[in-house]
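Q: Below is one structure. I have some questions about it.
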Ligand code: AMP
């Protein structure tokens, strides 16, 4: 396992990790969950793919990271690559996390109060435990810093942007970057215009022209845009005032409803899990069928809107748990874009599942790709690139 990078994705009560070798050697990966409680646990997969689970009672981020290092079978990484959700306008690419850079990350915390503080806790613990290792930050927002102003500005008083940074930032940048670069490699050349659809529990679309993000569906927060597992995506901006004035709901109640009780779950009154939803629709559950219809229509509508950002369309890319595994969702999205001239090959669509990469069009229209995302691999790649630039 030569020149491995340890990739860390720190949440408020969890740490996902993956030790990514420079070659094709197997990855060691796992997750420490329920940190800060007596139920804290570490679930790890070894190089043979075997699962191990152990108690970490009462462990905080630092104790969990120390336990994770012990599970690396004696491999010492060359660097730690940290996923950071929000980089504001400051970060356009991966950055070495020194004191100055960390102060800038802290300043963006107001834009991602639920995510950035957890990312910073993980970075602080990793720096303290392993001061000799370079620590690199890779930002979800960085790939979208190439958006032109007409795509990132809201039509709000300009002072809100100038004084408070209220603008569209976009998220899932690591995933959109990875799948569009992979499609460039598969299609040959990088003179391409791709529409990418990252469809997982969180969902977003992106228009990528010649390797650069030109527009995306998420905005100031990861709530804007598509219907997601439990998130509403776009609603009328007048909804908050309406719910407050007519029903007396507080801002916190409205925020929790839009983030946790909406989306596929809210529409179906059943589940946010696409597998269960498809099975229920199959059995004739009306809420599940409606949730599927709204979900797919809104993806198509978003892709059509984002096509305005591309001079030409090379093709569509599906990724994320749903994009990689649901031929039904892919077919419905494509059927809702009749004027795009897309020509789906049914057999290829049905057969491209469970981590398989493949082209699912007949060759007559724009290309249709299923590309499994690899956010950890992309973070390791960007971390290595940064170290090489600095060598
Ligand atoms: P992610 O957040 O990328 O892990 O994606 C999670 C979503 O992918 C959930 O809605 C899952 O139900 C969905 N998913 C995973 N496997 C399948 C499958 N075989 N068919 C349909 N949806 C799936």
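The count begins at 1 with the first shown residue.
Here the Cβ of each residue, glycine as well, is placed from N, Cα and C on the backbone.
Feature list, courtesy of TrEMBL:
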- 140: active site, proton donor/acceptor (ACT_SITE)
- 9, 375: Mg(2+) binding site (BINDING)
- 16, 198, 199, 200, 201, 202, 273, 274, 275, 321, 322, 323, 324, 325: ATP binding site (BINDING)
- 83: substrate binding site (BINDING)
- 172: site 'Transition state stabilizer' (SITE)
- 231: site 'Transition state stabilizer' (SITE)
Q: Among the recorded positions 140, 324, whose Cβ has the fewest other Cβ atoms within 10 Å?
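A: Ranked by other Cβ atoms within 10 Å, the recorded positions 140, 324 bottom out at 324.
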Q: Rank aside, I only need the closest one: which of the binding-site residues 83, 273, 322, 324 has its C-alpha nearest to that of residue 375 (Mg(2+) binding site)?
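A: Spatially nearest to residue 375 (Mg(2+) binding site) by Cα position is 83.
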Q: Cα of residue 273 (ATP binding site) to Cα of residue 231 (site 'Transition state stabilizer'): how many Å, rounded?
A: 13
Q: For the ATP binding site, please report the maximum Cα-Cα distance among 16, 198, 199, 200, 201, 202, 273, 274, 275, 321, 322, 323, 324, 325 in Å.
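A: Maximum Cα-Cα distance: 24 Å.
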Q: When the Cβ positions of the recorded positions 9, 16, 83, 140, 172, 199 are compared with the atoms of ligand 1, which fall under 6 Å?
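A: Those recorded positions that pass the cut-off are none, since no Cβ is under 6 Å from ligand 1.
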Q: Based on Cβ atoms within 10 Å, give me the single least packed residue among the recorded positions 16, 172.
A: 16
Q: Please name which of the recorded positions listed here, 9, 83, 172, 231, is nearest in space to residue 201 (ATP binding site), Cα against Cα.
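A: Given the candidates 9, 83, 172, 231, the nearest one is 231.
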Q: Let me know the DSSP-derived helix, strand or coil state of residue 199 (ATP binding site), please.
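A: Note: residue 199 (ATP binding site) is in a strand by DSSP.
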Q: Here are the binding-site residues: 9, 201. Which has the lowest count of other Cβ atoms within 10 Å?
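A: Counting other Cβ atoms within 10 Å of each of the binding-site residues 9, 201, the minimum falls on 201.
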Q: Between residue 322 (ATP binding site) and residue 231 (site 'Transition state stabilizer'), find the distance joining the two CA atoms and give it rounded to the nearest Å.
A: 15
Q: Nearest to the residue listed as 'substrate binding site' by Cα distance: which of the recorded positions 172, 199, 231 is it?
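A: So, spelling it out, the nearest of the recorded positions is 172.
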Q: When a 10 Å sphere is centred on the Cβ of residue 199 (ATP binding site), how many other Cβ atoms does it contain?
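A: 26, counting other Cβ atoms within 10 Å of residue 199 (ATP binding site).
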Q: Fewest other C-beta atoms within 10 angstroms of its own C-beta: which of the recorded positions 83, 231, 275 fits that?
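A: Minimum Cβ neighbour count within 10 Å, taken over the recorded positions 83, 231, 275, occurs at 275.
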